[in-house]
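Working notes, beginning with the structure itself.
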């Protein structure tokens, strides 16, 4: 089932699709839940506009794939908020272009740099245009936080469109991460770079031998200091998406496992994954490295990729992070994000207990400990303004 079909299945019958086009030609599919299940928000009164942005290898369905009382989009809609969900270039919903076909390797020549530069402009601009709002509340997960950190630090006027930025499992640098992405970077980076070069780009489709290696490494009976994910089931051990996130924190609704595994991974480019691997090795929040001084000069006007400066982020920001997260690693947050964010814009710093990287989007405790508190913060802020 698609995001819209799941929403309608659970009684959010007004859920609909809106398309927008980036200035470089990518056609992105937005998903919209305008009202709550019982019509909350349909009385014509002013209400918050909320935008949800998924992470790496994900799509908007992350926000509707649990039961209604456990899914972020449904929880917010039932508060009467106007809820929108983005889909960045390359995932299953956003594989169209004005002039290229997705079978063209050139279609896939992008990383999260372009998502920050072009996709956020197109998606958020479309939502503000259709709603008539001057700004909205942004909730990002994983890569959805990385692209907003980058957008706000490189386009210093963009903060006027963001009333507040809620960063779930925030990511800026990934120097200290664990899990499949770290393993790929430290052990297979050269092979991945060569394959990407030979194939001329393309979608990220991990070969079966890579998956076998990762599964053997992270689903063995022997657990490391942060645990194993084997307890979550063998189907998770065959899925790259779940090898990224972290150990079992016993927040999984096992009955929903077929939904999760049928919707993730949702797709991205090989270049996007390679960009993340570059950052693991460099330890920097840095633009994509094209591999040579000349190529970088062609793209950036400098022989090395620019480094982003998170201290320039100037929208009110709330962080939700945890020690069990393999990708939004606590060391990176404590060593880079917290020391470098402007204290004046950091409105909330929530150190969660026993949330792995994926629990923020499907953990059974997420609604009570994160979603409802965020909704109440939004309500308070909206009424106060």
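Backbone N, Cα and C define each Cβ position, glycine as well.
Copied from TrEMBL, the annotated features are:
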type	residues	note
ACT_SITE	142	active site, nucleophile
ACT_SITE	325	active site, charge relay system
ACT_SITE	357	active site, charge relay system
DOMAIN	4-66	domain 'Partial AB-hydrolase lipase'
Pairwise Cα distance for residue 357 (active site, charge relay system)/residue 325 (active site, charge relay system) [Å, integer]:
5
Compute the C-alpha separation of residue 142 (active site, nucleophile) from residue 325 (active site, charge relay system), stating it in Å without decimals.
10
Sorted by position, what residues of the same chain at least six away from residue 325 (active site, charge relay system) have a C-beta under 8 A from it?
169, 245, 246, 355, 356, 357
The domain 'Partial AB-hydrolase lipase' (4-66) resolves under DSSP into 10 helix, 19 strand, 34 coil
